Ligand code: UDX
């Protein structure tokens with residue numbers, strides 16, 4: 001059922017319910033203050049809700065209470081300070097306090113890839129739900145936001161039943177999030193849809209109240225936020241299906257890049273030309289080094305693992321190809337580097353010993369400090385492993401990159417990274433790199449050779465400045 005806004009008052013399908021705390025609007029908590037939970041907690045306070053963020057990590061909670069955002073996310077700093085000052089927002093490591101405070105508890109903990117396989121590790125979901133349930137003293141709604149294998153909401157409901165003291169009537173719902181790092185604030189305040197999986201009218205009404213701030217903001221800006229009310233399984237699947245589709249779209253264009261490389265075509269022009277067809281659309285058709293980050297890679301793997309368990313593995317076999325196409329792009333950068341540096345490839349790949357390579361970019365995309373499963377950092381590590389002396393610069397990701405791959409040399413600026421380099425690889429499309437002056441950089445390097453791993457540079461400009469240029473899927 002799709003209920004378009006404006007529904008000034010809850011439509012007959014959504015009965016108004018009163019928050020069990022007696023507050024005029026539901027008090028909301030977010031369990032887990034990583035990218036997801038911290039952003040949601042801060043933005044919900046901005047929407048006017050009374051908010052408590054919970055985490056077991058005392059350092060992170062202390063930082064947040066002191067007005068410091070532990071991640072780089074544009075706009076979040078200011079909102080955190082403003083809402084702490086307004087008294088609507090606080091953070092705690094006390095689960096009893098969290099249980100007592102909330103009418104609606106959002107579970108925002110991580111679901112990383114399992115160490116020994118492709119499936120999702122649900123231990124953080126289990127730990128947070130169990131400890132919350134044990135401390136509840138009145139009716140409330142527990143809402144899953146983490147990306148999970150289909151069937152998790154039913155299991156969470158059983159956990160809650162098992163661990164809640166007495167018969168409090170605590171209910172469960174699922175409401176996936178679709179945050180993109182770098183745009184996360186807007187994605188919470190101005191989502192392009194809200195999806196809720198519910199089993200009761202009470203849960204539906206409570207979730208409606210917990211999202212009313214979003215609908216009200218939309219109304220003041222003359223927008224509509226579509227609301228999709230559905231069952232648990234569909235709500236869980238919406239998230240993984242969306243990410244599987246996005247990953248497939250990226251790997252589709254990267255597969256076309258491979259064909260362009262073999263045939264002399266230019267994938268950037270091909271993408272533009274097919275993207276004019278509104279049925280295809282031009283977004284997520286940027287060929288290059290492929291997708292990374294904390295979501296797309298692990299979500300398509302967990303989705304395949306879950307489908308296999310359900311006996312529907314065949315249906316998602318193509319996602320294995322999507323993954324392989326994506327990983328092959330990393331090898332392609334090594335091939336282009338070997339080609340530019342005149343290095344032959346042996347059975348173990350090219351040997352770059354004696355070369356100095358500048359890698360511009362470490363994060364999985366621009367405007368974030370996140371290096372989880374970052375193709376740029378993975379390629380930097382591969383180049384170093386193949387013998388190159390790799391110097392990395394990233395505008396925001398250096399600290400995280402250093403922690404993840406300490407054996408690389410990290411520089412404090414573009415100039416420092418490229419000085420004396422035999423080859424420059426641009427692997428994340430930060431604006432600083434796109435706008436860099438190839439003439440000035442040309443004065444610093446040992447060799448004017450550049451691999452544009454994101455097809456983000458003006459190839460004509462770089463070529464005019466005397467650079468040997470190689471893009472991805474371009475002649
Ligand atoms: C993604 C989904 O977009 C979001 O809805 C979900 O909630 C979480 O996962 P995010 O991980 O922040 O968000 O990154 P996204 O902007 O989707 O980019 C993912 C990766 O794909 C990046 O590494 C990016 O560089 C790459 N990408 C994206 C391409 O290679 N080509 C494109 O055309 C688009």
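Note that Cβ sites are derived from N, Cα and C of the backbone, with glycine treated the same way.
The feature NAD(+) binding site is assigned by TrEMBL to 55, 60, 111, 147, 181, 298, 372. Under the DSSP three-state reduction, residue 147 (NAD(+) binding site) is assigned to coil, being neither helix nor strand. Spatially close to residue 147 (NAD(+) binding site) yet at least six residues away along the chain are 111, 120, 176, 239, 240, 243, 295, 299, 302, judged by Cβ distances under 8 angstroms.
The substrate binding site feature in TrEMBL is assigned to 178, 179, 180, 181, 239, 284, 285, 286, 287, 288, 292, 365. Around residue 239 (substrate binding site), a 10 Å sphere centred on its CB holds 23 further CB atoms from the protein chains shown.
Residue 295 (active site, nucleophile) carries neither a helix nor a strand DSSP state and counts as coil. When other Cβ atoms within 10 Å of the Cβ of residue 295 (active site, nucleophile) are tallied across all protein chains shown, the result is 25. Per TrEMBL, active site, nucleophile is recorded for 295.
For 358-459, the entry in TrEMBL reads domain 'UDP-glucose/GDP-mannose dehydrogenase C-terminal'.
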Which listed residue (111, 180) has most other Cβ within 10 Å, given these are binding-site residues: 111
Residue counts (helix, strand, coil, in that order) that DSSP gives for the domain 'UDP-glucose/GDP-mannose dehydrogenase C-terminal' (358-459): 35 helix, 18 strand, 49 coil
Euclidean distance between Cα atoms of residue 181 (NAD(+) binding site) and residue 287 (substrate binding site), Å: 19
Between residue 55 (NAD(+) binding site) and residue 180 (substrate binding site): CA-CA distance (Å): 22
For residue 298 (NAD(+) binding site), the one of 178, 285, 292 that lies nearest, given that the binding-site residues are compared by Cα: 292
Cβ under 6 Å from ligand 1: qualifying recorded positions of 180, 295, 372: 180, 295
